[in-house]
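Here's the structure, in structure tokens; my notes come after.
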Amino acid sequence: MTPDLVARFWLVELHVRLPAWLRGITSASASVAVKRPGSSKKPLEPAPQPAPYKPTHYRHIIYAYDVMEEKCEIPVLEHDPFDFLDPQKTLVPPENTILIDPVAVGLPWFSTMKGTPQCIHWREAEAAGLELIEQVMAARGAGAVIPEKLKTSDQRRKMMELVETAVTICIYLYAVSDAARIRVLTKSIVFLFLHDDVMESKANAEGNSILEGWDTDTFKANELEGESRNDIFLDFCREAIALDPVLGLELMQDTVRWARYSRVNSTKADKTHATWQDFRDFRELDIAYDFMITAVRFGAAILYDPAERPVFEWIEKLYIRHCLYINDLYSYEKEFREHQQEGAPLHNSVHMIEQVLSVPPGSAKAILRSVLWDCERQVREEYVRLMQLPELTHTQKVYLQRLIESFAGNYMYSMSTYRYARLSGKLIGPPPEDCLLKNYVQ
């Protein structure tokens, strides 16, 4: 059995658990004395067992961010249709992944989903992110505006933080991606972060970001032309479309559309929301709805006819809501601090609950956690309903599973990323030598 195949059984100490039935067989067989006819009565010593195989693909988790002030009992499910996420019940994880048990790793896990895949191509993702950010910094004089944070003396750490965040998003939310697709997805997230940081700072009045200046309505795969300052983005477009002419083009267009949306809404930093529904509708667009759905499909290489999308409309809506609730829960402390110190806008679910119900942040977080659990309940109900449809194709069923894996992956990203955990998280292990943030972790 090859090492890669053995790795798929993820017999990894600490972060992977053996199923109960397999542990029972192992312990029982080890205790049985082995005898041969005519041999002495002294039992033979069992042969030494090889050490558990540690897949070299595993990306170490350094931080654990416990966002809740009070512990809670996770709702118990009699039957879970998401057994494929449970490391106790799934011996073979999806292709290009290993399956991680968050509790065994040491994360303060409170999701009703039992585990999450991690993409084994994280080194390729890191290389792609670093390559892109170095290109952007080298081309600063070409006309595109870059974030203020990348102009400071602490520039290198900011660059590493941006890349680390993009990589952590991609290896958990789009875990089944192969090496080529994870490279494209990582670059797309870096582009979004660069643009978003420009929009949130005074630099947005200085000119266009690297994502602006495109007309997606007339943009075609064979018309990759633009101003010189967009050469870096053009290279990204060519890479994405060469890899996947259909989904690559969709991903690129959704990236540019969101950049245009955020430019328009950057002038509405003080926007208020009269109701929770009004706030949620705003945030669903603000979080790049179409891009996030396309990214899941791109990573999994799943095409479906636009006419099929209404079938998935509700579960995709729940996916976006779940993502924005998780994002708001874990980014609240960071965003609140930036709001106080820099005057940054504060459009956050925790803050909205505080205002609507006149409760302190801890209570608002507990309420949002309950909202998350209810969202997961609705997701399970819709997943079961869809999987029982006789007309659902195999490809459509695979897409649903990829979507659910991304649900769980967003928890893992949010709990362990340096972007959020550096302020309030705790170290759960020393950073390895190849860690991007080794020189900055404290």
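Even glycines carry a Cβ here, placed using N, Cα and C.
Taken from Swiss-Prot as is:
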type	residues	note
BINDING	Asp196	Mg(2+) 2 binding site
BINDING	Asp196	Mg(2+) 1 binding site
BINDING	Asn327, Ser331, Glu335	Mg(2+) 3 binding site
BINDING	Arg419, Tyr420	(2E,6E)-farnesyl diphosphate binding site
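Candidate binding-site residues: Asn327, Ser331, Glu335. Nearest to Tyr420 ((2E,6E)-farnesyl diphosphate binding site) by Cα distance: Ser331. Note: the Cα of Glu335 (Mg(2+) 3 binding site) and the Cα of Arg419 ((2E,6E)-farnesyl diphosphate binding site) are spaced 11 Å from each other. The Cβ of Arg419 ((2E,6E)-farnesyl diphosphate binding site) lies under 8 Å from the Cβ of Glu161, Glu164, Thr165, Ser331, Lys334, each of which sits 6+ residues away along the same chain.
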